[in-house]
């Protein structure tokens, strides 16, 4: 047991011895591909050459190793590359893959490899470089590898170049990178990363920057100067050949680089950057003075001037820095080398019956099998590897020399020529072949092709030169056209801006106008306005008919406003005849007209119609004006005085009593009188609610007319003559009770007239007769009551 423990310790210290021991246990031989670099103390091999059974001893040795400073495992297997093969049945071709799939491509082998690397990273204190190139690493493989990265105490460089881990795999790896205290450089070239992967790396930079600032603050206490180079964190990030990083990834790096003081190199070759991404990086360099390498070459979308400005700014930062971080060699096209394929030249030395000597100058390839004799040039071309004596195939040097002489006897003449050609850089092969017609034709054709080749090349060069000149000329024309087009576009944009401003101002004006016209465009609003004007002018017509034109003039209404709409005037409910209006105007102009003239006017009104009395609309009278109107009516009736009225009251009642008593026809029944009285009362009640304000002016204007027309019944008014009427009018009012009776009668008369105006014209005469009968009957009753009171 103790010997086994000692053996494991010794094997951990010596990789090669432990690997040989494990191979001997399974009856296998250590692979030459693995042993090749072990002499230098590193493990570097091509994983495609190992079979599945060869991986077990290697991984077991790697898991416990502690002395290897570098582990590099590579795979160049490309399954999409095949070989073109002709089918047996026809000319169709297809690609087949003749190479077997290596064992490292399997899930189990890759997982076991990552577990072995995790163990090596955990226990080794000298492993500084870990390179995995072209391996297929899955999620669980990366998770296992990340655990080893976080535990490593010596790893400085990590490379996963050409491993298609993608953004998800990089995110897993970043979990181990951000907590590593020794890792300084990472290489993710060709890992199928996008701008999201670049964002993951930018977050790692920000995280490490925060931790470094904390360490810097701690190291700066007591006036100490912190050493930034000795702090942990990444110093170089290589993301070449990830074309999907683009400007978004460059912007993410620019954001993190603006405050970073530790990153020294950032490689972004062939990452799909444009001038916008380069501009963002250039802005970050304005504040970052520690970045000495920012490689954005091989990005054709970046403007040449922008790339030059970025590189110039980076070189200014690197003047005072050391040369620890160098620019990565740009992946350029392979230069022609000695192994490149060259055109073969054939020189015919001569021909005879026995044969011809042919010299081919060019790349020495495998000689196809032929029936002709092929011999070497002699001593200069014959250099066999020396074999130890006793080995199979051993030939003494003297015997070999005699064989050379016998072979070179037929080529003595060509030896001098071959020595002359050997001075050149081209390999020379000299063969002697038997003459044949086909070979002679081939020789002639080849000689002709040697002469025609330079001519064809010169013709092609001239053609290409002409095309180049034509393209340059077209490019110049296109540039001129482009400048004109840009100028025209700028002019059109200016005109478009002006037209847009004009359109905006016009739209605002139209909008304001539409708001004002929107109300007037409505038919309902126009109709309501028209109706309001019609009602207003009708009201003005009523004022004019009522004789209140002066009131309208005082209110500021011009006489031209009357009859504005050209429609018939809206008079009172019953139109007054022209003669009646003239009679009323005469009464107002001549207040002291004789009683005979007044009686004739009243008689004329009774004959035509009782409903033709105009209704004044001066309803807004104050009590003072009402009293003045009453006084004026008394003056028109010729009232002499209060004493004379009281003295002649009894005589007036005696004179008028018999006619009033006899004025009622004897043939009327009691029922007919009740109906008439009820009708008169109902009409008076209806009219009192509508025309109460207009009662007093009408009653005061015509007190005598109401008295005389109501005092005489319709039957007796025709029988009486003009003389009786005059005597009746000329008698004075002698008592106060008669005044009350007259005022009550005037009010009833106004009520009857207002009730007539509400009803229609066909029933006008009928209502007037009933009102006259009712009013006569009431007058008789009130006269009798006043007589009893006196």
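The backbone N, Cα and C atoms fix where each Cβ goes, glycine too.
Swiss-Prot assigns the feature coiled coil to one of the listed ranges (455-510, 511-566, 567-622, 623-678), namely 455-510. Matching 290-313, 362-385 against Swiss-Prot, the residues noted as region 'Disordered' span 362-385. Regional average pLDDT for the coiled coil (455-510) in the model is 90.
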